[in-house]
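> Below you'll find the structure I mean.
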Amino acid sequence: MIDTHAHLNFKNFTDDLDEVMRQSLQKGIERIIIPGSTVGESKRAIEIAEKYDNVFAGVGIHPEDAEAIKDFDEIEKLASHKKVVAIGETGLDYSYPGTDTEEAREKQKELLKKHLELARKMSLPLIFHNRDSDEDFYEVIKNYKGEAVVHCFTGDWDFAKKILDLGFLISFTGIITFDKTGNLARVIRETPLEKIMVETDAPFLAPVPYRGKRAEPWMVREIVQKIADIKRLSFEEVDEKTTVGAKKFFDI
């Protein structure tokens, strides 16, 4: 199993990271990808990746921190580190206060485009974040020809199909274990297994039966099991194919 998106660089893991890593290895987690959300968190992701052989980093600036576009040259410098395997997370997010203005949204789009350019230049895959911004997000990314994954996918099948038609992947979190709308179950049923990745988005979104607790990489097992249940496949097949797909995507 590979947790393709875990924020082990957040303060939530400062005090017991070694124990979290020990448990993750013990419970079958082969690799972990830590995305960057700020310059500081991108640096921390690299530090952790340098310490643990099975951890790799992404570097980027989250759309919530779009004002930090002025520091993007720091992300460009970090992108050449040997343990960096992706650019991001990056994207659009209109769920935050103050993002209903044209100025705020244009700043996010400008930041996203910088990540696209960097990923193209470095030949690295992108980790996309998209929340409450489907239309604008699609317009910005639709002509991008590199590799990308939309992390923590929560959209419907119509939007998923648009993403898949671009050649991108979709990644699912613990949300699929408590989604009551049925939307995500349909997306999972319709999406080819080789186009799916799994993630915890730790420390957030702990899956059932761990709701309310801090999510940790080993909990990705519950997400693999839920996908297997929805697709009526064995745990082993979903585990194998999502692991192979993630290794290929991140070249790890």
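Just so you know, glycine gets a Cβ as well, placed from its N, Cα and C.
A TrEMBL annotation is a machine prediction, not a hand-curated record.
What TrEMBL records for His5, His7, Glu89, Asp201 is divalent metal cation 1 binding site. Annotated divalent metal cation 2 binding site per TrEMBL: His129, His151, in sequence order.
Context for these features, please: burial, neighbours, distances.
Around His5 (divalent metal cation 1 binding site), the same-chain residues six or more apart in sequence whose CB sits under 8 Å from its CB are Ile33, Pro35, Glu89, Ile127, His151, Cys152, Ser171, Thr173, Glu199, Thr200, Asp201, listed in sequence order. The DSSP secondary structure for His5 (divalent metal cation 1 binding site) is coil.
Taking the Cβ of His129 (divalent metal cation 2 binding site) as reference, residues of its chain lying under 8 Å away and at least six apart in sequence are, in sequence order, His62, Pro63, Gly88, Glu89, Thr90, Gly91, Leu92, Asp93, His151, Cys152. The DSSP secondary structure for His129 (divalent metal cation 2 binding site) is strand.
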> Helix, strand or coil: which one is His151 (divalent metal cation 2 binding site) in, per DSSP?
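Assignment for His151 (divalent metal cation 2 binding site) reads coil.
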